[in-house]
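Participant: First the structure, which I've put down as structure tokens, then a few questions once you've had a look.
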Amino acid sequence: METAPLLALLAAILLAEAAWSGRRDRLVGYGGGLAFGLVAARCFAPNFWFYPACDGFTANAWVASVIGAAAVFAGAGATALRDRRHRLAAIGVVAALAAWAVWRLTPACLSPYGALDPLLVRVWLSQVAEARPLLATPAVAIGYGGLLVAGTLAAVHAVRAERTRGWIIILVLLVGALGLAMVQARAANGGALLACLPLARIVVLARARGGWRMAGAWLGSAGIVYALVAQMTVPATAASAAGGTADMGCTPPAMLATLARQPAGLVLAPVDAGAMLIAHTPHRVLAAPYHRAGEAILASYRFYRLPPPAARRMAERLGVRYVLACAAMPYRQVPGSMAAALQQGRAPLTGIARVGTTTLYRVTP
């Protein structure tokens, strides 16, 4: 989903270039690449192909992409017009028709998260690191955006040194990706792929000089470096935000091992812990950090928000066998909530084990 705006931006660049110059070869090549990818996507369509969303490999996304590819080919056809003004007008009409077709046929693609419950967006999605603006959290800015920023600077250097069409297009795409990342950090992933090109050029130039320049170029071009730097800043950031050094993790290894030894059942835990529980235990989880499981995520939040007796009845109704309590629970500061009772050890559940600030409970009949 995050690469679609970059593909559209590249199409816009090539269409504008074709309208100005009258050349169609690059548009035809780009359209051919899109067509090949679309045919492959349809041949290997996943089971959820007809899911009414536009945030993955779905029919909606495919139709929107087909419309875009058709616009590229139609724009290539418009280059047959000799007058530049006529080409500009024709390609403008093509772009307008493509936008109208997407709006009419695949409205979900205009707002991929538009179908989400507003409450889900407020209590959960707005707190997901990759769905927040790049600069919302310093560690995220470094980990997600470090390579993209380095690649953008390298592209600026390439444009100033060589002034070629290719580097200019790469720079425009990188700036576009950086702008998108300022809205949603996950857009930095697509830009990081493009960043490899100008960074590779920097490495080649640095190798010719050797010494510290080469070492610096390699380090600056390695995405893992930014991830490690971000990881080193996370503990300090979390401690600062919390006003202390409390462990915010809900899945320490010892707790995962303890839970793995329990008879299989349904676990209710803070949403972000769901993925780790699925990976390292034989249990099922009520909710995990996946936006299409909106009802389950809201149910998890509702459990921690309800008064203890009502929360217990809800857990029994859902067939929950285990409840995980930790410092990352929502609503733990709300008086009278189940989360507050769990934190204070007064929940109407049976305690099984405690590791650090994390406690495992069983819902007994």
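Yeah, the Cβs are placed from backbone N, Cα and C, and that goes for glycine too.
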Participant: Quick one: sort out which of 35-54, 215-234 is the transmembrane segment according to TrEMBL.
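Facilitator: In TrEMBL, the transmembrane segment feature sits at 215-234.
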Participant: Is it the case that the transmembrane segment (191-208) and the transmembrane segment (88-115) touch, counting contact as three or more CB pairs under 8 Å in which the residues of each pair are 6 or more positions apart?
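Facilitator: Contact between the transmembrane segment (88-115) and the transmembrane segment (191-208): absent, because fewer than 3 Cβ pairs are under 8 Å.
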Participant: By Cβ distance under 8 Å, which residues at least 6 away from the ends of the transmembrane segment (59-81) in the same chain are close to it?
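Facilitator: Distant contacts of the transmembrane segment (59-81): 1, 4, 7-8, 11, 14-15, 18-19, 22-24, 27-28, 30-31, 34-35, 38, 41-42, 45, 49-50, 52-53, 87, 90-91, 94-95, 97-98, 101-102, 105-106, 108-109.
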Participant: Near the transmembrane segment (135-159), which residues from the same chain, at least 6 beyond its ends, have a CB less than 8 A from one of its CBs?
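Facilitator: For the transmembrane segment (135-159), the list is 129, 167-168, 170-171, 174-175, 177-178, 181-182, 185-186, 188-189, 191-192, 194-199, 201-202, 220-221, 223, 225-227, 229-231, 233-234, 237.
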